[in-house]
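Some notes on the structure that comes next.
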Amino acid sequence: MSERKGINKYYPPDWDPSKVPKKKKPANQVTKVRLMAPYSMRCTKCNEYISERRKFNAKKEVTNEKYMSFKIIRFHITCPKCNNNITYKTSPQTAGYVPDTGAVRNYEPESNTNVNKTKVETEEEILERLEKEEKENKSFQLLKEKRKKNPFWQQNESLKDQKGDLMENLEKRLQDQQRQQEMTEHLEYLQAKSSSLQAKGGRDRALNEAKDKLGEEIESMKSLREDLASKEDEELTKDKFKKFRSNDSIDSNSSNKPVAIEDPSSLKRSYENALQDNQTNSTTKKQSKTIVLKKKQPLTNPKSDVPSMESRSNNIESLSGALGDYSSSDEE
């Protein structure tokens with residue numbers, strides 16, 4: 001036998017889905033849904049207890065009621081014992097469900113009891129309520145984590161900030177006491193210091209003492225600088241004096257050496273040779289000058305520039321006399 005429910009369906013090639021007419025939905029359409037009970041409840045007719053998460057075939061109905069532009073939906077279920085009609089609605093205000101007819105809740109949560117269902121909340125009230133719920137959720141999660149390690153752990157309301165257990169709070173208190181003790185000791189030290197300053201003369205006296213100390217230090221620095229400068233000057237003078245002494249010793253050594261004295265005859269010859277060289281140089285210079293000036297002024301007596309023999313003999317005699325005096329002084 002083939003399956004009753006066909007998986008694949010045949011669509012002819014000339015089929016156009018846009019031409020298919022759409023069905024109009026009625027205003028108060030009721031649809032069938034499969035759901036679970038959102039909370040534990042008790043039937044008002046037969047007192048049957050219906051547990052949370054029990055499955056039902058329910059009818060879903062969209063109502064005309066609204067909460068801040070959110071639609072409220074009603075669900076219809078039947079009691080499994082007496083077939084009593086039970087209805088409950090969505091509550092956008094508490095993000096949950098509210099019983100409508102046919103049953104009551106076994107217990108009411110704190111979030112539902114604190115909220116006024118008839119009054120529409122403002123934005124500030126909504127924010128305050130959400131913050132409060134978030135804090136409660138955090139405390140619940142903390143309790144859950146702590147009880148995994150210690151199933152008997154309980155949060156003590158007398159603890160500071162209502163956080164942690166007794167040992168953690170005790171450690172925090174000890175740390176706070178130690179910090180407070182350190183602060184008091186520091187304050188006492190500062191008070192004692194201020195009182196001692198006032199007894200000695202106050203702030204002005206302390207400032208004067210500090211200024212005097214600074215002046216003494218500055219004077220000591222100046223004296224040190226002067227001493228260093230004088231030492232440097234002494235070292236420079238010593239170096240210069242040593243150099244001067246070394247130069248004097250070199251000059252004295254050179255003066256103590258004996259001077260080689262030549263013979264008077266050799267001196268005479270050298271003098272004659274030098275004299276002749278000087279005369280020849282002077283004649284060559286004069287001749288060159290006369291050659292340059294020949295065009296303008298010709299020479300009348302060229303022999304007049306040449307020195308005579310008499311002047312030469314006189315020069316030789318004076319030189320011999322000087323050499324004789326020099327030799328006599330050396331013999332003495």
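A Cβ is built for glycine as well, from the same backbone N, Cα and C atoms used for every other residue.
As given in TrEMBL:
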- 1-28: region 'Disordered' (REGION)
- C43, C46, C79, C82: Zn(2+) binding site (BINDING)
- 192-211: region 'Disordered' (REGION)
- 201-211: compositional bias 'Basic and acidic residues' (COMPBIAS)
- 225-332: region 'Disordered' (REGION)
- 247-256: compositional bias 'Low complexity' (COMPBIAS)
- 286-297: compositional bias 'Basic residues' (COMPBIAS)
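For the Zn(2+) site, the Cβ centre of C43, C46, C79, C82 serves as reference, and the other residues of the chain with Cβ at most 8 Å from it are T44, K45, N47, E48, P80, K81, N83, N84. DSSP assigns C79 (Zn(2+) binding site) to coil, not to a helix or a strand. The secondary structure of C43 (Zn(2+) binding site), as reduced to three states from DSSP, is extended strand. Helix, strand and coil content of the region 'Disordered' (192-211), in residues and according to DSSP, is 19 helix, 0 strand, 1 coil.
Here C79 (Zn(2+) binding site) comes close to C43, K45, C46, E48, I50, I86, G102, A103: these same-chain residues lie at least six apart in sequence, with C-beta atoms under 8 angstroms from its C-beta. When other Cβ atoms within 10 Å of the Cβ of C46 (Zn(2+) binding site) are tallied across all protein chains shown, the result is 12. Compared over the binding-site residues C43, C82, the count of CB atoms lying within 10 A of a residue's CB peaks at C43.
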